[in-house]
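Student: Checked TrEMBL, it gives:
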BINDING   Asn66  NADPH binding site
BINDING   Ala79, Thr80, Lys81, Pro82  NADP(+) binding site
DOMAIN    14-108  domain 'Pyrroline-5-carboxylate reductase catalytic N-terminal'
DOMAIN    171-275  domain 'Pyrroline-5-carboxylate reductase dimerisation'
Amino acid sequence: RGDKMAAAGSATRRVGFVGAGRMAGAIAQGLIRAGKVEAQHIVASAPTDRNLCHFQALGCQTTHSNQEVLQSCLLVIFATKPHILPAVVAEVAPVVTAEHILVSVAAGVSLSTLEELLPPNTRVLRVLPNLPCVVQEGAIVMARGRHVGSSETKLLQHLLEACGRCEEVPEAYVDIHTGLSGSGVAFVCAFSEALAEGAVKMGMPSSLAHRIAAQTLLGTAKMLLHEGQHPAQLRSDVCTPGGTTIYGLHALEQGGLRAATMSAVEAATCRARELSRK
């Protein structure tokens, strides 16, 4: 299997997508832009041409047959809506072989559910990306099924790093990732908007304030990742005794920013778990 994985890891690697929505398109674009896979080696399927046109524009092959994707690619990413996924997996199961590596990006569909629908010993992984994959700055977690070894995991991680930061986690963390990073994009947008509106209140033009707020978030995130420091460390570096920042932080504490943010991640995670059980 190791030799086969090495062969699959060569330049002629083909990647299939079942489902051609926004997330599938973002991953495909990342793979092509990073030079990990050539556009003509990507095959995507969807019931209509509505989304396939985006893949065609990238130079990928397209089809309306899900089975055809599995017949031409050994690494296949399932990017359908979660409620459709079980039916799609059952439909392609007859053409799944021991050579396939199947990857689900659907939230809420467990590895055990997928493994039950597929032939015994099928290699299945769950991957949960978030929307910034569109700009190759996604936060992605992946969890491996029972029959997946570390070589397959490394291959997938190598590919997905074209779309951002990719970490392997136990499946139990996937719903937490939904709350932290999937929904977190919206929480960060709410904060960015509020930062900018504070500047507008003080007399800065709106479009300028929004650009500077977004750049402040980007720069801070880069510092946290590159320096590997705890946010509290960076925060105290910015805080001079009796200065502007500590006055602002006091106002944030009075507004309950931390408790509200922790509650938001908790609420989104609980909802993700609830949806997973349905």
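Even glycines carry a Cβ here, placed using N, Cα and C.
Keep in mind that TrEMBL annotations are predicted by a computer and have not been checked by a curator.
Keep in mind the model is a prediction, meaning the values are calculated, not measured.
What's the neighbourhood like for these features in this structure?
Tutor: Within its own chain, Asn66 (NADPH binding site) has Val18, Ser45, Val88, Glu91, Val92 as residues 6 or more apart in sequence whose C-beta sits under 8 angstroms from its own.
Take the CB of Pro82 (NADP(+) binding site) and look out to 10 A: across all protein chains shown you find 15 other CB atoms.
Under DSSP, residues within the domain 'Pyrroline-5-carboxylate reductase catalytic N-terminal' (14-108) fall into helix, strand and coil as 43 helix, 19 strand, 33 coil.
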Student: Please compare the binding-site residues Ala79, Thr80, Lys81 by how many other CB atoms fall within 10 Å of each one's CB, and tell me which has the fewest.
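Tutor: Looking at the binding-site residues Ala79, Thr80, Lys81, the Cβ with the fewest others within 10 Å is that of Lys81.
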Student: By DSSP, how many residues in the domain 'Pyrroline-5-carboxylate reductase dimerisation' (171-275) are helix, how many strand, and how many coil?
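Tutor: Per DSSP, the residues of the domain 'Pyrroline-5-carboxylate reductase dimerisation' (171-275) fall into 90 helix, 0 strand, 15 coil.
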Student: Quick one: average pLDDT across the domain 'Pyrroline-5-carboxylate reductase dimerisation' (171-275), no decimals.
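Tutor: The predicted confidence over the domain 'Pyrroline-5-carboxylate reductase dimerisation' (171-275), as a mean pLDDT, is 96.
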Student: Around the recorded NADP(+) site, report the further residues of that chain (criterion: Cβ within 8 Å of the mean position of the Cβ atoms of Ala79, Thr80, Lys81, Pro82; site residues excluded), sequence-ordered.
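Tutor: Neighbours within 8 Å of the Cβ centroid, excluding Ala79, Thr80, Lys81, Pro82: Gly19, Gly21, Phe78, His83, Ile84, Leu85, Val88, Val105, Ala106.
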